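First comes the structure, then the notes that go with it.
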Amino acid sequence: MDFSWTTGWEKAAADDDEAESAPAPAPPAPSPQEAAESMILVPGPRVVLSGLMRGDCRADDSVLFINAGGSATEGCEPSSKLSEDSFFEGGDAIETSEDIVEGGDYPSLYHSARYGNFSYKIDGLAPGDYFLDLHFAEIVNTYGPKGIRAFDVLVQEEKANTLTHILSELDVYAVVGGNRPLQVRDIRVTVESDSAIVINFKGVRGSPMVCGICIRKRVAMAVTDMVTEGNVLCKRCSAHTGNSPLQTRTSKLISKYEKQIEELTNQCNMKSDECYMAWSSVESTNQELERLKIELHQKVMQSDNIEQVVDRQADQLRSVSQKYENAKKLWAAAISNLENKIKAMKQEQTLLSLEAHDCANAVPDLSKMIGAVQTLVAQCEDLKLKYYEEMAKRKKLHNIVEETKGNIRVFCRCRPLSKDETSSGYKCAVDFDGAKDGDIAIVNGGAAKKTFKFDRVYMPTDNQADVYADASPLVTSVLDGYNVCIFAYGQTGTGKTFTMEGTERNRGVNYRTLEELFKIAEERKETVTYSISVSVLEVYNEQIRDLLASSPSSKKLEIKQASEGSHHVPGIVEAKVENIKEVWDVLQAGSNARAVGSNNVNEHSSRSHCMLCIMVRAENLMNGECTRSKLWLVDLAGSERLAKTDVQGERLKEAQNINRSLSALGDVISALATKNSHIPYRNSKLTHLLQDSLGGDSKALMFVQISPSNNDVSETLSSLNFASRVRRIELGPAKKQVDTAELQKVKQMLERAKQDIRLKDDSLRKLEDNCQNLENKAKGKEQFYKNLQEKVKELESQLDSKMHSQITSEKQQNELFGKLKEKEEMCTTLQQKIAEESEHKLRLQQQSESEIKELELKLKEQEHHRSVAESKIKELELKLKEQEHHRSVAESKAMEIGQELLETQRTEAMLQIKPRDLENNLQERTTLQDTNMILDSTNCMRVASTPGEAKAHLLTREEAMSEKEQHILRSSDSMNKKVTNNSSIVGAPEVVNEKKRKGDARNSSIGGELENQPVGSQNASRKRSLQGEPRLKRKSTEPLKNPGRVTATSKTAAATHKTGPVTRATRQQPAVNKTRGWVR
């Protein structure tokens, strides 16, 4: 959030009228630097719009540098030694491989970042003050827009338990753009003992993101200057000396700018408080505006809802009125129709009454009629018994006929050539010349034809109805209680599934069989009740799968044998079907769940044996006999050889299991044909399931499907050979010689019995129907007349209720129209109020925006003045640093000259032995003492800015001079002993006075010479004065062995102390006289 600094909320409030009359000028767009600095909420930190450089982080300052979201890196520079991302809580690490513009010396720092809502807790730091640097870069939303990511940064010192808001709504992209670095440096933090630094990143819009965190030591600048107001305290004599004009001016400027800085800081704090108050008021105004906007939106929504309700009610009213008009017309038409019908019914009633009277007259005597009916009932009972006997004979004869045809019959069906086979040039290899007699021949190249004999041969032109017509007699056996099995055999692609299942428009054997079952069951429903249930399963890889199960079960299905000898599969779904539609749904569900695959022979090849089991439970209502039969409709998998399909993997395993089960079926067929005592039903799941329907009293029908193409001759011959083996079951030579004449007689007797039964039934049924029709007609007419009267009454009552409802609806319509008008008036008033409130809020918002703009302008002016003052202070600091630099250079030259002087003095002390030279040395020391006083006063002013360095130089200088003076004193003592032996004690004061006079003259000459000497010569004289000073002090404090020498020394020290004020006075004279002096 951008905080705009103002000059005072009170003044802005006072200038509201002026702001309304004259709109404030639009402020200039802030620079990226200013935009970033406006997001900083504490003084001290600064913003850098570039990457990290080598000089930004020195070895003695750097404590910890965290590569957020990245790994540790090693380098020569301290800034290049980045530690891996640690100390964090929450967030995710992200990286980018794009180039970082202006990334500095270490652009890799900005290739990774920590992203999300997270915080850092950095512990293990030594107590003290630190600088915190944060590195940012927008590496996710590199194309913006502005404002897509804004977040706050808060720093908490753990023991303080307070969060300091450092950055507010920082938008990196708005400041520098995408893939560009941004640094916030010099955030001040303090660490106490056993505490940590907590940095919290809080998202305002989007998720926060940081690339690096650097912690540096903060070096405190110690203030050791001993400068007072207008004076400098001398380190040597503790005397207050006057400042030079430049120093005085500098100190005044410094104090002046410090006061200005303090005032500006106070003003800035005051303006920040005022800005915060203004911002809070603006926020409250914005919140109030938002609240009013929400209320306005709610009012608009309410008005819209009211309008919608009114429109809806109006539509309902119109629809009700239209319905009423339509109903009114319909009821009028219905009433007219009913009146016409009533008239016609009255006419019919009169006619029926006349017919009833005629019938009553035509009916003979009632007793005769009763006798005739009783005789008819007796005849009916006799006919029923004969009918049951004939039915039993019919069943027996039907089964005899079926058994004469053979228990297992084989039908051969050949499909037509496909388009692909015709286009590939394949020809028909099947000869259908003897198809009517059941013969079929196969032409195999140049070899002779091979002929096969079957019960029925279907040509490619025969349809599904023709095929089923020969299989339908077996359906009757199922209803009579026999187990029946119908299965289709042949290679893949020969039409087995088409024959058994068919399509929705061209049904197969399965559907037609069930349809025939329901048809016959409907015909026999008066004498026999049937319950039909269907199960669909498949044998896939020698495993039984229930195709009607809603979800596949992991439990294997096994075949069990019941106590009565039948076989069943526990757990399989048996769907009870009541009509043919349910049958088709069950067949479709099973067909869709069947395993299908592709191979070289057929793209959609059935890879399992599909078995449809129809369970029929019958109960004879006449004699109570119950039967339970089973019909198996089996669509076998393809019988082609493995070499032809060329399959691998899972398809190979499927083909092997299919061939194994078909081989087991062939073994069962062979055992049945040869009448073996053991039939291997259990060698396969297929034969085990069909054990009840193969052999014994069961009946079986096999469809062998063949291909007419000469490309499939080998598979066709294999299928026909297998079918021939099946046909030989129960068809020995003796059974083929059936007496057809006797069979014809039996058929004729059966037909005559059926015709007699039909004639008797028809005559009986006609008599009964005539009686019942006469009675029912009379009753029906009466009941119909009563119903018509009741309907007329109901229609009249409904008409009355409709009229009443129409009246009430008209009243409601009038009330709704009134309410609608009231609501429209309320909506108009609400819209006017809302418009007025919105205009008032817009005015308030414009006023607040103009005030904020004025405050921003004033804040920028204050910041400009402050920057100017800071620039002036920096210039003064640079000048002071230059002066200090010149002073340090002069002192270094003075030290060099002092060292040279020490060496020369040592050589003079060893060579000069005469008293006269000693006197000259004493005179030089007095002059050096005077010059030392002068140089001390001047140097104290110059060295005031760097007292620590001056003090160090003086201490070293005094130690060196004290050592030199001790050496000179020792040599002078030895020489003084020799002089005292040759001279008297009385002459000592004269010598001292003469030395005093010479010292005064030399001091005056040195004072005049110092002004004209360069800096190097002045420093040399200053060094000599420093060397002479400790010797004088030592003479005044240490006792001497020669009493006469003590008197001279004390007088000399006294004279030296007396000349001190004179030297101070003469120090200021060279500025006036400017004379040039010479030193001997």
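From the backbone N, Cα and C atoms, a Cβ is placed for every residue, glycine too.
Between the stretches 1-35, 596-630, 911-945, Swiss-Prot puts its region 'Disordered' entry on 1-35. With every protein chain in view, the residue among the binding-site residues G490, G493, G495 whose Cβ has the most Cβ partners within 10 Å turns out to be G490. One residue stands out among the binding-site residues Q491, T492, T494, T497 for having the most other Cβ atoms within 10 Å of its Cβ: T494. DSSP classifies T497 (ATP binding site) as helix under the three-state reduction. DSSP assigns T492 (ATP binding site) to coil in the three-state reduction, placing it in neither a helix nor a strand.
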